[in-house]
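Novice: Please read through the structure below; I'll follow up with questions.
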């Protein structure tokens, strides 16, 4: 199957490949690995690369994309690149400078998609995670509609082709959609989504507004990072998932990715492991039956690996809502 045809049309007319390569890695992973892994991902057929200012590896990811353009593997327009506006830059006047900084690190003229990383605004400054003496996050107060207007201006200026959001609940999305003078709708909402948190209500809401749901942590999460709740079961060891994988002679990871593709969700596959990067492209080589899909739907238990507990006191903390 030709991955070129595996694209979904966004509500602004652009196309996003349904399988994306995620580049987030814990701090102990050397940045050079992002460079090598992204190059390999493009070589094996990934055409959608997802990063963010927060990941502190846009320089390497940009270098990988440019080297694959230079050697003729791809043209710039073949690669769909997503960056994200971090929480310390949600004030409208900080939006464009933040995007320009990402572009400078990437050494690219534009990104394909620029999204608000999270609705929880943090105190501006050079610290990614500003904390007070007691270790609590220092919040900022920003009207997300004003942040959105600044993103619209970035699109008009040609710095990004499309604009969207991440980690928004349906009420926050509604606020943007109902904003007086809205120029562009968000094209997507990137959220944690996997069989233990299948987001079916949010997916339905997004589909009804022609907004694409993009899934991160689609394989659950084994990361030990300050953002991840360590007390949850390991998704890829789930007996139902493993049985379906065995039946199709595929890995549980591929089944979890395929599940999203068949629901019309754009899915990010994150791995710096060569064998698995190649393997993840096989998501297009098989199909789950309606019974398989139903069985996987039945695994939902609202387990959130990235619950961002530190943000709970913020008025825009997104996860207190049901969806």
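FYI, residue positions are counted from 1 along the chain as it appears here.
Using the three backbone atoms N, Cα and C, a Cβ is placed for every residue, glycine included.
TrEMBL labels come from automatic prediction, so no person has curated them.
Fair warning: this is a prediction, and the values are worked out from it, not measured in the lab.
Feature list, courtesy of TrEMBL:
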type: ACT_SITE; residues: 55; note: active site, proton donor
type: BINDING; residues: 117; note: substrate binding site
type: DOMAIN; residues: 19-300; note: domain 'NADP-dependent oxidoreductase'
type: SITE; residues: 84; note: site 'Lowers pKa of active site Tyr'
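Quick one: how deep are these features, and who are their neighbours?
Specialist: Contacts of residue 55 (active site, proton donor) defined by a Cβ separation under 8 A and a same-chain sequence distance of 6+ are given as 23, 24, 25, 34, in order along the sequence.
Long-range neighbours of residue 117 (substrate binding site) (same chain, six or more residues apart, CB within less than 8 Å of its CB): 52, 53, 54, 84, 85, 86, 87, 166, 167.
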Novice: Count the Cβ atoms, other than its own, that fall within 10 Å of the Cβ of residue 84 (site 'Lowers pKa of active site Tyr'), considering every protein chain shown.
Specialist: 26
Novice: Averaging the per-residue pLDDT over the domain 'NADP-dependent oxidoreductase' (19-300), what integer do you get?
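Specialist: Mean pLDDT across the domain 'NADP-dependent oxidoreductase' (19-300) comes out at 96.
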